[in-house]
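The following features are taken from TrEMBL:
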- 122-149: transmembrane segment (TRANSMEM)
- 201-220: transmembrane segment (TRANSMEM)
- 292-317: transmembrane segment (TRANSMEM)
- 337-360: transmembrane segment (TRANSMEM)
- 381-401: transmembrane segment (TRANSMEM)
- 405-511: domain 'TMC' (DOMAIN)
- 413-431: transmembrane segment (TRANSMEM)
- 513-538: transmembrane segment (TRANSMEM)
- 584-601: transmembrane segment (TRANSMEM)
Amino acid sequence: MRRMSVFPQHGTALGNLGLTANEIRQETENNTSELVSDLVNLSAGARFEAIRSLHVPFNEKKTIRNRVNSVKLSKTILAADCRQQVSRSFRRFRASLASAMQHLVIWQDTLKEIGGRFGTSVLSYFLFLKWLLQFNLFSLIINFCFITIPQIVHAPNISSITGFRGLELLTGVGYFNKTVLFYGGYNGEVIVSKPAYNMQLAYFFTIAAYLVLCGVSLIYSTSRSFQKNFALETGPVSGGAWRLLCSWDFSVVNEKAIQYNKNNLAIQLKESLSERLQEKNKMSRSDRIKHLSLHLLAWLLSLGLALGSCAGIYFLGTNRELAFSFSHDPSDLGAEASTLLLPVVVSLFNLIVPLLYSLISKIESYSNPRAKIYISIVRTVILKMSILGILCFYWLSFVPTNISCWESFVGQSVYRLLIIDFIFCLLGIFFGEFLRNVIGTMCIQSLGVPEFDIARNVLDLIYGQTLAWIGIYFSPLLPVMQVLKLFIIFYLKKISLSMNCQPPKHTGRAAQIQTVFIALLFFPSFVGALSMVAFTVWSLKPSDQCGPFQGLNTPFHTIFNWTHSLPETHWVRWIFENILRSELFYYLISLIVLVITYFLWQITRGRKELIKTLREQIVNEGKDKAFLLNKLQNLQKERREMASYRPQDFDQTPHFNPNWMNTLPMDM
């Protein structure tokens, strides 16, 4: 490139060369033309930088750029220019698509508003709810497309439907008995088409694919969250320095929420200091024995309440008069209403027993609020999962021998549990938050505004999602109810949070609490539901009068029948016979998983050691700097002291004083 400016070099003015105005304009135009011709031959990036570096006004840069673009358009478009145009167009399209996708993201603005008003700890509950909604939407779409639509269009299985009486919306029986809402509304016929559509295989593989994808997603989310928030954490995270410097939630913009955060931060700092004082003041042996005795008593009471609840639910479920009266007389409205007794009792236990747990925790006097939160979560999880475990045992051992179409009965039972749990959630919003706020602000002001209990609300979501996973095999359209439930709960909780509640004072780190919730959703929630579905598919004989797998020994035998119908040389049959049915394959898979887990664990340990070493190095460098500063200060101090005792240099040159007469004594 010959020139990078439209002006002559070396700062010489054209007017000083004796040129006229026309000659000056001609010279400037020639320089501009040469500059444009040089810029045309450059690449897009180099051309942009060259125009940007010109020492001319912005309007002239714009003019030069337009002339370069016009010259390029007038020439033949080369392949490189075409690629650049396509790349630029693709980048613009991708940016516009990303912007459009952001507007399509559900509840994006609402979640930003919640985070700005109440902080990330409360926001974590709504993000968790949104995540569960995505699970159920995916399940609804694939079940409806691959199971329900083929059944409705090609092989309807609707017979002996009773009239709709309204109570079916709560019980799931009567009018819904033989509909596609439950297992009994499907059959195992092969739909004649090109290619043929096997309803047994569609039912089996759709449910299996959904559960596998849920498991993979949960494992990935749990591992990522654990690695980010727990595995690389070294040193105390609840100390005063961390709370003072790193715990402020900068997403909060509401003034009232900011004041809440200030008060909560002050409370947490006081508690952290009190915990350190308690650690320094070690308890005596008698006090330690007293605390251990209180903890043991509290755990015995908690486990006793959980066992008593499970025993009551089991004896209520095995009562033949209450459990199976409606199956003998479907027209009896009272018998249909009696089916709601068991889910109501289960919901009452889930509501009342955690309140008793909170009373029990008061006698333990935990010094660490986070420990109190985690203990409460563990006890509530034990209660809810024990109740679901007893119900699953009842459904899989007692129901198949007493009900002809037992899969639909189990699906209807799960449906009732889900509906009654939703009703109790609505009652909890009204009585537990709205009326509590009215009483605390108008009647008994010492109670104050109720806190938004994140742990209790998230555990309720986990319980509902566990029911949805358990019932996915027995009621393929059960995600419809779960999606509607989560939608309504989201908006009701948002309104109640804005009107009736305040952010919680003791939350711990929001990211770590969210990791705990994801881990609980995976185990025991998803693992327990998957175990029940797997046991049903592999071990139990399906009903002979309803469902897609009637006539088979187990639902899994549909895979055997399908593979045996294939030619012996078919690759699917070879994989099934030689790999999937081989114990060695699962042994190798387990071994590979263990080895990978071990390597990842060693990598995590190495990173933790590296972080620890780097922190020690930072501390040592700080000590070295302090030592060098002290040495420098001492050296400067010694030099100042030496300079104060050094003899002064006098100038021996005589000077004439013009006022020498005034220096003589007056009496001379």
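Backbone N, Cα and C define each Cβ position, glycine as well.
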Two-stretch contact, the transmembrane segment (413-431) and the transmembrane segment (292-317), at least three Cβ pairs under 8 Å: no
Contact call for the transmembrane segment (201-220) and the transmembrane segment (337-360): at least 3 Cβ pairs under 8 Å, seq gap 6+: no
Range from 122-149, 292-317, 381-401, 513-538 with most C-beta pairs under 8 A to the transmembrane segment (337-360): 292-317
For the transmembrane segment (513-538), sequence-distant contacts whose Cβ falls under 8 Å of one of its Cβ atoms, 6 or more beyond its ends: 121, 124, 127-128, 204, 207, 211, 214-215, 218-219, 221-222, 225-226, 228-230, 373-374, 377, 381, 385, 388-389, 392, 396, 454-455, 458-459, 462, 465-466, 469-470, 472-473, 507, 554-556
Sequence-remote partners of the transmembrane segment (381-401) [C-beta within less than 8 Å, at least six residues beyond its ends]: 302-303, 305-307, 309-310, 313-314, 317-318, 346, 349-350, 353-354, 357, 409-410, 413, 417, 459, 462-463, 466-467, 470, 520, 524-525, 528, 532, 535-536, 540-541
Number of helical, extended and coil residues in the domain 'TMC' (405-511), per DSSP: 81 helix, 2 strand, 24 coil
Local confidence of the prediction over the domain 'TMC' (405-511), expressed as mean pLDDT: 88
